[in-house]
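First up is the structure itself, then whatever we jot down about it.
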Amino acid sequence: MYSLLPWRISTILQPKLFVLLTLFPWVLNIIMAKPYEFNWQKEVPSFMQEGAIFDRYEEESFVFEPNCLFKVDEFGFFLTWKSEGKESFVFEPNCLFKVDEFGFFLTWKSEGKEGQVLECSLINSIRLGATPKESFVFEPNCLFKVDEFGFFLTWKSEGKDPKILAALEAVGKSENDLEGRIVCVCSGTDLVNISFTYMVAENPDVTKQWVDGLRSIIHNFRANNVSPMTCLKKHITRTFASGKTEKVIFQALKELGLPSGKNDEIEPAAFTYEKFYELTQKICPRTDIEDLFKKIAAWIEASDAFSQEEEQQGHSDEAMSLYASFTWAPSVTYFLEAHQRDPRLNEILFPFYDAKRAMQIIEMYEPDEDLKKKGLISSDGFCRYLMSDENAPVFLDRLELYQEMDHPLAHYFISSSHNTYLTGRQFGGKSSVEMYRQVLLAGCRCVELDCWDGKGEDQEPIITHGKAMCTDILFKDVIQAIKETAFVTSEYPVILSFENHCSKYQQYKMSKYCEDLFGDLLLKQALESHPLEPGRPLPSPNDLKRKILIKNKRLKPEVEQKQLEALKSMMEAGESAAPVSILEDDNEEEIESVDQEEEAHPEYKFGSELDDLGHKEVVANSVKKVSDDLEHENNKKGLVTVEDEQAWMASYKYVGATTNIHPYLSTMINYAQPVKFQGFHVAEERNIHYNMSSFNESVGLGYLKTHAIEFVKYPYGMSDLAMQLNQGKFEYNGSCGYLLKPDFMRRPDRTFDPFSETPVDGVIAATCSVQVISGQFLSDKKIGTYVEVDMYGLPTDTIRKEFRTRMVMNNGLNPVYNEESFVFRKVILPDLAVLRIAVYDDNNRLIGQRILPLDGLQAGYRHISLRNEGNKPLSLPTIFCNIVLKTYVPDGFGDIVDALSDPKKFLSITEKRADQMRAMGIETSDIADVPSDTSKNDKKGKANTAKTNVTPQSSSELRPTTTAALGSGLEAKKGIELIPQVRIEDLKQMKAYLKHLKKQQKELNSLKKKHAKEHSTMQKLHCTQVDKIVAQYDKEKSTHEKILEKAMKKKGGSNCLEMKKETEIKIQTLTSDHKSKVKEIVAQHTKEWSEMINTHSAEEQEIRDLHLSQQCELLRKLLINAHEQQTQQLKLSHDRESKEMRAHQAKISMENSKAISQDKSIKNKAERERRVRELNSSNTKKFLEERKRLAMKQSKEMDQLKKVQLEHLEFLEKQNEQLLKSCHAVSQTQGEGDAADGEIGSRDGPQTSNSCMKLQNTN
């Protein structure tokens, strides 16, 4: 299983390469098995090693003349001074100049003098021809003048130093012979204090040969990171080159069997590097490494790996006693793997150490051949390994150009400078053209040019810090210097940041200087592949190689085109004042008024306008004022107090650049167009990548809370801490001046808060600890020393002035500190963090320092070579440290992370513990878990739940089968009550509903009683009508029968036969008529009965429907009311839950803060405060997440409740509809039955009457 790529690899690994290495890891093992070959050495030409004869002279970087007598003559013409003198130059003829085979030193020696050395790492540039140094120029017989207004003090001389010319003529070289024969070597320990050494060759060919040769070996940034062993070679090279002796090594030489007398000489062939190494070990014994060597043996014996290897190898006890003095290959493997390897590294790209690799180290660094054959390494060999390039404190490949350079320009941090021209402070400081050369040679890619109108006769634009009493330099000189040095050390684009205060006429001269001097180097038009269009990204550094970009305000396209056409027409017409005429525009008066106020040095303005009458008097007064002020300034030069500078800064008012741009200069602006910042939302809407904005620090701090940094400008003239951090960071990636931003700062879907106390999304925080063990060759004096270890990065990552070792007194050679590790527990953003290790003496003076970016730092026991304040390497001073790098693990998660990172080890430890417990008679199952607060709260919550949920869950017609009970989806946690269920049965048992039912039943009973009465009335009426018809029928039938009976009695039966037939016919007719009448009346009664029944049924159905709808409406109201109560109850439950959570969070925060304050392992107050601040930030984020989750849970519960309530309402409405339909069907069936019953009853009425019975009987 392969681990994920760490943060330090993901930015450099190509996707296709990663797929290849994942599928075929053996390919990478072949590649990575070998150590990185650090080719720091540049080839030195043979003619430089052999040497050549030059005459040498030099100007010192600073001449201090104490007790000078300054005077101004009576006319105010000259300012003169005189001192006891100091030689301003050194002349040394016939010097043999050489460069050693390693390219460390440029050495020279003349007869009768000791050899001199100049370290090549201190050489900034090699120039052809004698370039006078600005910090010291010797000009004899100068004519000093003060102008008529008293504004300027000027002087003029005949030029070259006659002392140097006289010295050269004395050795046979006239002034005319010097052309093309002088090599100027510029060097210095920083960018300001520069020394110039001049070499006069025999002929121009030698000069050119040496200029090219020296240029090929300087600017070797890799050589600044060589190992201590290489530094020893460097030191012995210096020793042989200079020939100087050191009294402190006489005794050590004697012990080595070498000549040790004061007048003895050592042959270089006899004094080999091995002898020199032994000498250094005697002068500076490494007892710290010997102690470490013994600890390794103890570690190995205590480790499981040692036991396994011992069993496999079958070593005897005698052999093991031998290993007490030496360490064998498995021990080396264990040491490398356990202590020298960063555990965060990917095992594919950085394979684990094995026995083969350990043997390679032994064979390379162990000097004893017998020990090599036995696979052993001595403490001497171990020391050599620890001091080698292979054990460098940084990944040496980071010094090469390792980052992709094809991203848009805005995806890079760009090494930039602020007020580049200044050599010191920003008020009253000195401006220098040389600063532009030094800054660009140091890798800076963005320089600032504050351009102002020159006031001389030639109207040349100048560069100065306006209104700050700084000196001036010519703009054209700066452009020439930039052209010469822009692409010497880096081919990537240079950005000239113009702060333009010039008039249009001088802007035109500026643009012509840029065009003429830069030529094709100046990017005047946008690239075809990257047009200036919204939404189009900026070109990459690769696209802009060897190109110079100008950053300046640009005119609007239509205004620029219009003014260009006017300028072109004027120039074609031959008007000499064409560049000036372009100044005339619509707002000329406004622009002139502004330009008149923007003078570079209004502080030098002493008088008002002069009239002709008082001209001489005013001139005299002005001259006197100038002389007095100059004398005052000279007396104070170099003695400006901090209070003075703070007062100047408080009264200083920044003057913005002009917006009145010359169109010719405007056409040269493309990918760097400054605009007024109107907010990020406006910038996003415009989506114009070539626009850039700057703002003051107070506004910038506000924006930094949510957005990343683009340019960070440093004044390169100050060798302070900020400059050291900047140079240390930009030393990576080949010192090209461009560093690719971290991935999350390049992605539009990520946000960045530099003030965050919690890890950045997508970035793994780191833990770094540094144990300062010892120092070597810190000073050749018996002084006290101590070491400070600081971390710089994001505000929360920055820890300074907290970790320092104890003071080791009277030992500047090899002090041993052996301090406890300084732990930087959480580094949120390792990509932007740097480690600073600084050594101070007992007077708190800096001896040396080193800046180590954390993203390229290697873990383990490392020697860290120190640098001076200007970040130049010191030769021998080193600090021996143990650096531990790990992934940051929050407190309490260490065991989990260990188990996940090494499951086998975790399981073995668990099994071992179980075996130990069984040996004690205790089974694992018998060990109960300690109840936590959470479990207690859970039990309490369950109890509360049991109390509230007392209603049994039974099925109901209101609850569909697919829908759970209302309370089942709202199970509360940790003591929150369940919401009671709502059922139809409960609603129907409510008093309001029962009262309403009783009222409706009463109404229905009253209606039924009324209908029954109507039924009885109609039935009686129908019976009366039937009885009447039957009675009439019986009467008529009886009459006919009586008449026949009387006739038969009277006449006899035989005589009444005919009459009897007639009577029967009459009775039949009567019966037939009676039946027809009965049928008619039955039909009529049936109709009336049916109509009555239908009417009654309709009335009853209507009232039933009304009652049912009223019942449904009442149930709906009751359900809605119950739902409102549920909602209110749930809200109260949520409020109670939120309140309990806030109280619980406050309790946790207080307890955690209290635990930190009572933690005795935290001895540093600042660390304690940082822990509390970090804890508060972490708790705030965690608590907000918990509250957010709780709010989401409560919202989900509320939504679920509303959903269930809605389902209940819908179910109730459906049920009501079904009830209404079923009620209608039942009523209709019942009505039809009643109608049929009525019809049958009417039909049976006559048949059941007595008359009908009699009629039937008669028939």
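Note that Cβ sites are derived from N, Cα and C of the backbone, with glycine treated the same way.
Curation plays no part in TrEMBL annotations; they are all automatic predictions.
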Of 1060-1088, 1147-1175, 1176-1204, which span is tagged region 'Disordered' by TrEMBL? 1147-1175
Could you give the Cα-Cα distance between Glu499 (Ca(2+) binding site) and His418 (active site), in whole Å? 11
For His418, His465, listed as active-site residues, tell me which one has the smallest number of other Cβ atoms within 10 Å. His418
Give me the sequence-ordered set of same-chain residues, not including Asn419, Glu448, Asp450, Glu499, with a C-beta within 8 angstroms of the centroid of the Ca(2+) site's C-beta atoms. His418, Thr420, Tyr421, Leu449, Ile463, His465, Ser497
Within 10 Å of His465 (active site) (Cα to Cα), which of the recorded positions His418, Asn419, Glu448, Asp450 do you find? Asn419, Asp450
For Glu448 (Ca(2+) binding site), what is the tally of other C-beta atoms lying within 10 angstroms of its C-beta? 22
Run through the Cβ atoms and count how many others sit within 10 Å of the one on Glu499 (Ca(2+) binding site). 22
Helix, strand, coil: count each for the residues of the region 'Disordered' (1147-1175), based on DSSP. 22 helix, 0 strand, 7 coil
Using all protein chains in view, find how many other C-beta atoms are within 10 Å of the C-beta of Asp450 (Ca(2+) binding site). 24
Counting every protein chain shown, other Cβ atoms within 10 Å of the Cβ of Asn419 (Ca(2+) binding site) number 26
Roughly how many Å separate the Cα of Asp450 (Ca(2+) binding site) from that of His418 (active site), to the nearest whole number? 10
His418 (active site) and Glu448 (Ca(2+) binding site), distance between Cα atoms, whole Å: 6
Determine how many residues of the domain 'C2' (749-874) DSSP places in helix, in strand and in coil. 6 helix, 60 strand, 60 coil
